[in-house]
């Protein structure tokens with residue numbers, strides 16, 4: 001009997017097993033759309049970035065003006081640039097919702113998949129930070145100076161490490177060149193890591209909203225979830241295009257319209273909105289090294305979830321107190337984002353410190369409450 005080409009061709013077989021004949025749980029909700037949306041975001045970013053790189057010049061005297069040239073003189077350059085800048089925001093919206101879904105429904109119990117996901121998150125954050133430096137505006141330059149300077153908090157090696165990263169004694173041409181190099185290569189590394197992420201996910205199959213084994217009740221990915229994903233694509237692309245065409249600079253920083261000047265410090269140095277929560281955590285610790293450790297831990301703490309699970313049921317759908325705690329933690333992250341954009345003065349400092357403690361406490365207390373709830377129902 002002749003097999004369809006998708007089942008016999010060595011290359012098509014891989015794609016078929018991942019996208020067409022993949023058995024998927026019948027009851028996965030729209031919260032499971034974000035994986036494919038992230039794939040779409042990555043493709044949009046790589047394509048727009050590729051065309052931007054053709055016209056961009058990684059030189060401190062020309063970078064700002066090359067971005068200006070892209071927006072004014074290159075055919076649809078303004079569209080490429082605004083799509084790329086706002087595409088990054090949508091990437092982070094999707095990635096945070098994707099992680100939040102994983103925490104809520106206990107998807108972190110797929111340990112290798114989860115750990116690779118956290119590594120991808122770190123890589124994407126690094127990529128976005130370096131991309132923000134490239135236009136060489138005021139906030140680009142000072143953001144790069146402040147964040148790279150954090151490495152100087154590392155005992156003994158600190159200053160040597162910072163100067164090695166800068167390629168000199170300050171953020172200069174060497175820094176911009178290497179940031180452009182890394183910003184170009186990292187998305188392809190993220191793409192490779194995504195393949196590994198999917199490889200591990202397909203070893204176990206997807207989780208589902210009730211957290212039970214769904215092997216007895218699965219349907220093929222195509223056509224059911226391909227069409228469901230396309231609905232998600234349509235909604236996201238519509239919102240992205242609307243933002244790009246109506247208010248492309250809404251999420252940017254006005255300071256970045258001023259060329260970088262090492263002699264003038266902006267009143268408020270802050271990163272893009274999607275890093276503000278981590279920036280607020282960094283500023284909440286009065287000690288420099290402590291702040292750096294807290295900054296890294298704000299993301300790295302996700303890695304403890306698979307190893308610190310004490311509940312009988314997967315996810316927190318069946319734990320009412322934990323649900324309240326989860327949504328409180330979400331509000332905490334939103335408030336931290338707000339605090340990150342405020343000046344360093346009272347009452348913002350104290351609020352930031354309280355929120356930081358609340359953020360970290362969630363990860364430590366949550367499993368204990370699930371255990372207590374299980375014991376209560378025994």
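From the backbone N, Cα and C atoms, a Cβ is placed for every residue, glycine too.
Residues annotated as heme b b562 binding site in Swiss-Prot: 84, 183. In the three-state DSSP reading, residue 183 (heme b b562 binding site) counts as helix. Residue 183 (heme b b562 binding site) has a Cβ environment of 21 other Cβ atoms inside 10 Å.
The Cβ of residue 197 (heme b b566 binding site) lies under 8 Å from the Cβ of 113, 116, 117, 120, each of these being in the same chain and 6 or more residues away along the sequence. Per Swiss-Prot, the feature heme b b566 binding site maps to 98, 197; the stated evidence is similarity to another entry.
Non-local contacts of residue 202 (ubiquinone binding site) by the CB criterion (under 8 A, 6+ apart in sequence, same chain) comprise 17, 18, 22. Residues or ranges marked as ubiquinone binding site in Swiss-Prot: 202.
Packing against the transmembrane segment (34-54) from elsewhere in the chain are residues 70, 77, 80-81, 83-84, 87-88, 90-91, 94-95, 97-98, 101, 131, 183-184, 187-188, 190-191, 194, 229, 232-233, 236-237: each is 6 or more residues past its ends and has a CB under 8 Å from a CB in it. Under the heading transmembrane segment, Swiss-Prot lists 34-54 (among others), citing similarity to another entry as support.
Outside the transmembrane segment (78-99) by six or more residues, the chain places 31, 34-35, 37-38, 41-42, 44-45, 48-49, 51-52, 67, 70-72, 117, 121, 124, 128, 131, 236, 239-240, 243-244, 248, 251-252, 272-274, 302 with a CB less than 8 A from a CB of the stretch. Feature annotation from Swiss-Prot assigns transmembrane segment to 78-99 (among others); the stated evidence is similarity to another entry.
Taking Cβ pairs closer than 8 Å, the transmembrane segment (114-134) reaches residues 49, 56, 58, 63, 67, 88, 91-92, 95, 99, 102, 107-108, 140-141, 143-144, 147, 175-176, 179-180, 182-183, 186-187, 189-190, 193-194, 196-197, 200, 271-272, 274-275, 299-300, 302-303, 305-306 in its own chain, all 6 or more past its ends. Here Swiss-Prot flags 114-134 (among others) as transmembrane segment.
Long-range contacts of the transmembrane segment (179-199) within its own chain (CB-CB distance under 8 A, at least 6 residues past either end) are made by residues 18, 38-39, 42, 45-46, 49, 53, 56, 58, 113, 116-117, 119-120, 123-124, 126-127, 130-131, 133-134, 144. Per Swiss-Prot, transmembrane segment is recorded for 179-199 (among others).
Swiss-Prot lists 227-247 (among others) with the feature transmembrane segment, giving similarity to another entry as the kind of evidence.
Sequence annotations record features per position, and here Swiss-Prot assigns transmembrane segment to 289-309 (among others).
Taken from Swiss-Prot, the feature transmembrane segment applies to 321-341 (among others), supported by similarity to another entry.
Taken from Swiss-Prot, the feature transmembrane segment covers 348-368 (among others). Below 8 angstroms of C-beta separation, residues 280-281, 283-285, 294, 297-298, 301-302, 304-305, 308-311, 316, 322, 325-326, 328-329, 332-333, 335-336, 339-340, 342 of the same chain, each at least six residues beyond the ends of the transmembrane segment (348-368), sit close to that stretch.
Residue environment of residue 84 (heme b b562 binding site) contains 21 other Cβ atoms, counted within 10 Å of its Cβ in all protein chains. Here the Cα atom of residue 98 (heme b b566 binding site) is found 21 Å from that of residue 84 (heme b b562 binding site).
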